[in-house]
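One structure is given below, encoded as structure tokens.
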Amino acid sequence: MTRPTLIAPSVLPADFSKLGEEVAALEAAGVDLIQWDVMDGQFVPNLTFGPDVIASARSHSTLPFEAHLMVYTPDVMAKNYIDAGCSRLIVHAEACTHLHRTLGNINELGATGAVALNPATPASAIEHVLDLIDMVLVMTVNPGFGGQAYIPTMEPKIAEVQRMLEAAGRADDVHIEVDGGIGPDTIAGAASAGANVLIAGSALFRDPEGLEHAVTDLRARAEAARA
Ligand SMILES: O=C(CO)[C@@H](O)[C@H](O)COP(=O)(O)O
């Protein structure tokens with residue numbers, strides 16, 4: 001499998017009073033990109049931040065930013081998130097009446113598009129947009145909050161997405177990301193099923209040995225599982 005193993009934080013557990021310092025520390029700890037959990041309080045119960053907050057942290061890191069848009073109207077502010085410094089926008093299949101058009105718009109704005117699938121959403125939801133994305137996010141929790149339990153029954157869906165990508169000749173070009181409950185005890189199952197981008201919030205910020213240990217340990221576990 002040629003897709004690299006990428007370890008990325010969810011910023012949900014970060015200290016929101018100093019996000020610039022937090023993303024700088026995450027970069028120093030060795031993460032590969034930063035995921036911003038954008039929540040609108042409608043598509044998911046929680047409410048987090050918009051593009052201006054992301055923009056305020058942009059100059060504190062050289063890493064790619066991606067916005068996980070857990071919102072009902074991703075088209076409305078897509079350009080704002082790109083202008084804030086996000087190079088990838090992740091939209092939820094469940095929130096997009098016209099998913100193909102939404103992804104096409106993101107690409108026309110100069111960013112890459114990705115689709116997130118909630119636990120109950122079948123992999124088939126992405127069948128006709130594989131040419132418009134560079135990543136599929138298989139949620140391993142129901143979105144809205146960090147610190148939830150990993151849902152292992154998502155592993156067959158991860159494997160199904162991998163098969164779909166192989167059948168479409170896109171397996172080398174499209175990442176499979178997982179998000180939710182990813183930690184030392186769960187990362188191997190997701191990675192061995194096909195995930196190569198692993199989002200962790202609690203497991204990174206709550207490691208008693210610090211961020212760098214957490215990143216190194218998770219990466220080693222994921223790479224061993226993908227070998
Ligand atoms: O995005 C969500 C839920 O919407 C979370 O899954 C966080 O992104 C990561 O949470 P942890 O389980 O890693 O703390």
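Heads up, the Cβ atoms here are built off N, Cα and C, so glycines get one too.
A quick note: this is a predicted structure, and the numbers were derived from the prediction, not measured.
Counting only residues at least six positions away in the same chain, the Cβ atoms of Ser10, Gln35, Trp36, Asp37, Val38, Ile90, Ala116, Leu137, Asp179 sit under 8 Å from the Cβ of His68 (divalent metal cation binding site). Positions annotated as substrate binding site by TrEMBL: Ser10, His68, Gly144, Phe145, Gly146, Gly147, Asp179, Gly180, Gly181, Gly201, Ser202.
Here the Cβ of Asp37 (active site, proton acceptor) has 24 other Cβ atoms within 10 Å, regardless of which shown protein chain they belong to. Asp37 (active site, proton acceptor) carries a strand DSSP state (E or B). Summarising the annotation, TrEMBL assigns active site, proton acceptor to Asp37.
Marked as divalent metal cation binding site by TrEMBL: Asp37, His68, Asp179.
When secondary structure is read from DSSP and collapsed to three states, Asp179 (substrate binding site) falls in the strand class. Residues or ranges marked as active site, proton donor by TrEMBL: Asp179.
Under 8 Å, Cβ to Cβ, and six or more positions away along its own chain, Ser202 (substrate binding site) finds Pro13, Gly146, Gly147, Gly183. Under 8 Å, Cβ to Cβ, and six or more positions away along its own chain, Gly144 (substrate binding site) finds Met39, Val44, Pro45, Asn46, Met70.
With every protein chain in view, the residue among the binding-site residues Gly146, Gly181 whose Cβ has the most Cβ partners within 10 Å turns out to be Gly181.
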